[in-house]
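*Asks:* A single structure is presented below for examination.
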Amino acid sequence: MASRQSMLQNHPEICRHLLWFFGVAACVKLLLIPSYHSTDFEVHRHWLALTRSLPLSQWYSDETSPWTLDYPPFFAYFEYFLSFFARLVDPQIVDVHQGLNYEADTVVYFQRISVIVSDLCLVYGIYRLTRKLEAKKRVAMWILVIWSPALVIVDHMHFQYNGFLLGLLMLSISYLQDGRDVMGGFLFAVLLCFKHLFAVAGPVYFVYLLRHYCRGGLLKGLGRLAAMGTVVVAVFAAAFGPFFYHGQIQQVISRMFPFGRGLCHAYWAPNFWVFYIILDKGLAFLLKKFGIDIPTPAASFTGGLVGDSSPFAVLPQVTPLSTLIMVLLALSPCLVKIWKNPHPGSVARWISYAYTCGFLFGWHVHEKASLHFVIPLAIVAVQSLEDAQHYFLLSIATCYSLFPLLYEAQEYPIKVVLLLLHSMLMWFGFSAKFSKKGSSSSSSRSGEEGEFVIGWGGKCYIIGIVIVETWGQLLHPYFLGDKLPFAPLLLISIYCGVEVVYSWVWQLKRIMAD
């Protein structure tokens, strides 16, 4: 009882420290307002205009801009909410016709600041996850998430709202860990209605809630299942109901699932399909060398990857259904484990593994989707020495895989400094948490005994990143000039993909061993 009261008394202090971390991050993000932004910036500006200027019945059918609305309805409502403030700042921001490709300082500052403010959702999620942890674990997780360079690159330079969405995910995980399953399931349903790509963890949530919440006998279990189903249905009804009423539901679904985009994204996310593509090209080359005529797909190695088909010359063509089957097969051992032992303390690990499976084997995966498993894995990383060592290399590799998003020369020092600083902060944070001097008998029993060090394999991998980057920035332009311009990007994806595949195997082994 005394420890509980002490913990409650420390909550205001924890909040102050956490807000200080957020304030430091916000200052860095404010300095980055004038930096490069991608076409996603205009995408979200147009969605502000679209939701403000047009009736709801036209949101998913309007084609004024090529950047049509393709997120679920809750995100459209979110843009509609922001549009009220955007109109006060500059009415042209929300003009669906006059605002096309509008890049005045007003729109830049408004949209950049809206992302920073929305990150408060992530801050609250981290607060709920860390409020009961010891100080060293708490600070380490704040460093990993609040000061994540990957989030800075993707959200505050390239431009998206991943921090806000990941905040909803972290809140859902925190409620599941607290045993509040209905609230955890409700928040996950809300998240899906903001961005459907988070649905990869749906099987984990379904099996966990079925086994953990819907227990206690047949009648009680059925009653709880009905209650949970009612909550989920109510959330989806609130999101999709108005569009169903206007007869737009088919249009909404077709926008959300554009399978014609092709298997891979333009930057080659570091996943299984990079190796599949390379193997196909290598086999085609060898067969031609042996005089076997292989029909070459019309699509090129770079431009053809985003299209209406998967242009493979030798290996079987890949369909959305086959990628779904692969994701479910990869996820199945984890689901069996959840069914046997639905322990709340393992929820974060299971959810991170699910998003790793989706990233590795999913259809048209963006490199930015690595955030979906790297950020939740931070919850696991502070629990044991082995998890910290695994996370250290994975975080560096996934952040480095995002470098091609910022291709302009003036942003190069920024992304390098962000990654270097974060690597050093991770090192110091983990070293402080896992040190021989700080080890106690209780920490030894929980698997935290030892000192945070990176083995020779990890050191070689980090040196390899330096070599890959040196090749892409200096040696390739010097020796090859403009030839094979895609090669440096492909090399980054292959090299980072090795670490992601290793992480997938490592996570599965940890899940089965628990």
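The backbone N, Cα and C atoms fix where each Cβ goes, and this holds for glycine too.
Where the annotation comes from TrEMBL, it is an automatic prediction and has not been curated.
Straight from TrEMBL, here's the annotation block:
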- 18-37: transmembrane segment (TRANSMEM)
- 109-127: transmembrane segment (TRANSMEM)
- 139-154: transmembrane segment (TRANSMEM)
- 160-176: transmembrane segment (TRANSMEM)
- 188-210: transmembrane segment (TRANSMEM)
- 222-245: transmembrane segment (TRANSMEM)
- 266-287: transmembrane segment (TRANSMEM)
- 314-335: transmembrane segment (TRANSMEM)
- 347-363: transmembrane segment (TRANSMEM)
- 413-432: transmembrane segment (TRANSMEM)
- 453-474: transmembrane segment (TRANSMEM)
- 486-505: transmembrane segment (TRANSMEM)
*Asks:* Would you mind listing the long-range same-chain contacts of the transmembrane segment (109-127), meaning Cβ under 8 Å and 6+ residues beyond its ends?
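*Replies:* Residues 14-15, 18-19, 22, 25-26, 29-30, 32-33, 41, 44-45, 82, 85-86, 89-90, 93, 141-142, 145-146, 155-156, 159-161, 163-164, 166-171, 173-174.
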*Asks:* Quick test of the contact rule: Cβ under 8 Å, at least six residues beyond the ends. What residues does that give for the transmembrane segment (347-363)?
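*Replies:* Same-chain residues near the transmembrane segment (347-363) but 6 or more away: 169, 173, 176-177, 197-198, 200-201, 203-205, 208, 259, 263, 269, 271-273, 320, 323-324, 326-327, 330-331, 334, 337-338, 369-370, 372-373, 376-377, 379-380, 500-501, 503-504, 507-508, 510-511, 514.
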*Asks:* Within this structure, do the transmembrane segment (188-210) and the transmembrane segment (266-287) have 3 or more Cβ pairs under 8 angstroms, counting pairs 6 or more apart in sequence?
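*Replies:* Taking Cβ pairs at least 6 residues apart, the transmembrane segment (188-210) and the transmembrane segment (266-287) are not in contact, as fewer than 3 fall under 8 Å.
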*Asks:* Using Cβ atoms only, state whether the transmembrane segment (188-210) and the transmembrane segment (314-335) have three or more pairs under 8 Å that are 6 or more apart in sequence.
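*Replies:* Per Cβ check, the transmembrane segment (188-210) touches the transmembrane segment (314-335).
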*Asks:* Taking contact to mean three or more C-beta pairs under 8 angstroms, with sequence separation of 6 or more, is the transmembrane segment (139-154) in contact with the transmembrane segment (222-245)?
*Replies:* no
*Asks:* Sequence-remote contacts (6 or more beyond its ends) of the transmembrane segment (18-37), Cβ cut-off under 8 Å?
*Replies:* 108-109, 112-113, 115-116, 119-120, 123, 126-127, 130, 142-143, 146-147, 152, 156-159, 406, 408, 410-411, 414
*Asks:* Is the transmembrane segment (453-474) packed against any residues at least 6 beyond its ends, judged by a Cβ distance under 8 Å, and which are they?
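*Replies:* Residues 389, 392-393, 396-397, 400, 403, 412, 488-489, 491-492, 495, 499.
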*Asks:* So if I exclude everything within five residues of the ends of the transmembrane segment (222-245), which remaining residues of that chain have a CB under 8 angstroms from its CBs? That is, six or more out.
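*Replies:* 56-57, 59-60, 72-74, 181-182, 185-186, 189-190, 193, 209-210, 213-216, 251-252.
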